[in-house]
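Annotated in TrEMBL:
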type: DOMAIN; residues: 33-358; note: domain 'Citrate transporter-like'
type: TRANSMEM; residues: 6-26; note: transmembrane segment
type: TRANSMEM; residues: 33-53; note: transmembrane segment
type: TRANSMEM; residues: 65-89; note: transmembrane segment
type: TRANSMEM; residues: 101-118; note: transmembrane segment
type: TRANSMEM; residues: 124-139; note: transmembrane segment
type: TRANSMEM; residues: 146-164; note: transmembrane segment
type: TRANSMEM; residues: 184-204; note: transmembrane segment
type: TRANSMEM; residues: 231-251; note: transmembrane segment
type: TRANSMEM; residues: 257-277; note: transmembrane segment
type: TRANSMEM; residues: 289-306; note: transmembrane segment
type: TRANSMEM; residues: 326-346; note: transmembrane segment
type: TRANSMEM; residues: 367-393; note: transmembrane segment
Amino acid sequence: MVQSFHSFEKIVASFVIIFLIGFLMLRTKQSKTPVWVVMALSSSIMVFSNLVPPDEIINSIDFEVILFLLGMFSIVAVIEQSGLLAYSISKIIKFAKNNSVYKISIFLSLGVGIFSAFLINDTLAFMGAPIIFALARVIKIDPKPLFFVMAFAITIGSVMSPIGNPQNMLITTQSGLKAPFLEFFLYLGIPTLLNLLITPIIILRSYRIKNDKKVEYLNTFEGEIKNKNDAVLGVLALLGIITALIVNDILSIGGNILFSNRGVIPFVVATLTYFFLSNPRNVLRGIDFGAIIFFITMFITMNGVWKSGLFQGLFNTLVPGPENVFESYFAIVFLSLTVSQFISNVPFTKLFTSYLILAGYTSNHTYAWLSLSMASTIAGNLTILGAASNIIILEGLESRYRFTTSFFEFLKLGVVVTLVNLAIYSPFLIFGAYIS
C-alpha cells in the first residue's frame, strides 16, 4: 500500500514536470498564457493530489524571498517610473559616441550587466527591445548581435550579487551564508566583469562584424528623468538596501548580525520609501505581481515534487559529499545547466537547495552555493528558454519590430558563450574553495 502511494506521488510529480516542460518549450508561441498561470495550476494539482496537504501550504512558502521580491520590485518600479533607469542607460550609450561598434557593444554589456547586479534582471529586459533597435538602426547592423549582447549581459551581470536575480536570493536565504553580499562579490565579481567584457567580442566576431567602423551619432535612444523627487528616493532606497546588506554582512562576521533574515531589508526600505513618493499607487501598479504569484505557487509545486522523491535518485547518483570539492563543483554545474533547461532555473534552484542541505552542505561550503548560483544563472545563456529575460526581450522585438531569432540560432551561440563563461568562473570558484 505504501509502495503504491509512493508510485502515485511520482506519477503526479512526473506529470507536473512534463506539463511545465511542455509549456516552457512552447511559451514563445503561447505568450497570452503567463508562466505564473501554469505554475499556479501545477500547485493546485499538488494540493488536490495531497502531495502538499492544505495544512502544509503555508509552510511550503519561503516568505523571506517573497518579502525580498516585493521590496525590490517596489524600488525598481520607483526607479523605472521616475525615468531614472532609461536616463542612465541613454547616458551610458552616449558615452560610447565616436567609438567603434565593438566599444559600444562592450559599454552596453558592462552598463546593462552592472545594473542587472543591483536590480531584478527582468526589469532591464523590458527595456531591451527599444535600446537594441535604436542602436542597430544607428550602427547599421543586424539587431541580432545586439540582442545577444543584451540578453547575455543581463544574465551574466546578475550572477555577482545576491539581489541580482531571484535564484540568488533563494540560495542566500536557504543556505545560511554568513556574509552573502561580500561572498558573492569576492568570488564572483571579477569573473563576472571579465565575462561582460569578453562576451560581446565573441558575439560580434561570430557575426563577422568588423571593428573598423566609427559611430558618430548616438541619440536615438533618449531617456529623461520624469520625476526628480522619486528618482532621488529610488537611488537613496537602493543605496540604503546595498549599504544595509553590506553592514549586516560585516557585523555577521563578528557574530553581531542585525538581520538574520536578510530578505526583509529591501521590504522594510520599500515600505519607508512609499510614504515619501509622489504617487505611491502608480508605483504599486508597476510591481510585477505575476512574478510574486509565480514564486508563491512555485514553492508549493516544488515542495510536492521534492516530497515525491522524483529527483533524489538522480541527485544521489551524481552529487558527491561536500568534502569532494572538485567532483561536487562539476556535478552542481552539470545539473544546473541541464535540468534548468527543462524546469527553468528558479524551480531547479529550489529543488536543489533542499537536496544540498539534506546531503550535508552547510553555510561553510560557500563554493557549493556560489557554484549553484553561477551555474543556474548562466543556464540562461545556453538556450533561449533558459531565462525569462531572453523571452521578454525577444517578445518585445517580435511585437514591435518584427524581429526574431530561432531556438537553434540561440543555442549555437549560447553553447560557445556558456563554455567561455564556465572557463572564466571555474578557476575562481575552485581556487576559492581550496583556500577557504
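Each Cβ is built from the backbone N, Cα and C atoms, and glycine gets one as well.
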Kindly state the mean pLDDT of the domain 'Citrate transporter-like' (33-358) in the predicted structure.
85
If we call contact 3 or more Cβ pairs under 8 Å (sequence gap 6 or more), are the transmembrane segment (289-306) and the transmembrane segment (101-118) touching?
no
Near the transmembrane segment (33-53), which residues from the same chain, at least 6 beyond its ends, have a CB less than 8 A from one of its CBs?
8-9, 12-13, 15-16, 19-20, 23-24, 27, 60, 290-291, 293-294, 297-298, 300-301, 303-305, 307-308, 344, 388
Using a Cβ-Cβ cut-off of under 8 Å, list the residues of the same chain that are 6+ residues beyond the ends of the transmembrane segment (6-26) and lie near it.
33, 35, 38-39, 42, 45-46, 49, 51, 301, 304-305, 307-310, 342-344, 347, 385
Rank 184-204, 231-251, 257-277, 326-346 by Cβ pairs under 8 Å to the transmembrane segment (65-89) and hand me the top one.
257-277
Residues of the parent chain within Cβ reach of the transmembrane segment (257-277), under 8 Å, 6 or more residues beyond its termini:
64-65, 67-68, 70-72, 74-75, 78, 162-163, 169, 172-173, 180, 229-230, 233-234, 236-237, 240-241, 244-245, 247-248, 251, 283-284
How about long-range neighbours of the transmembrane segment (184-204): same chain, 6 or more residues beyond its ends, C-beta under 8 Å?
101-102, 105-106, 108-110, 113-114, 117, 145, 148-149, 152-153, 156-157, 159-162, 168, 211, 366-367, 370, 373-374, 413, 416-417, 420-421, 424-425, 428-429, 432
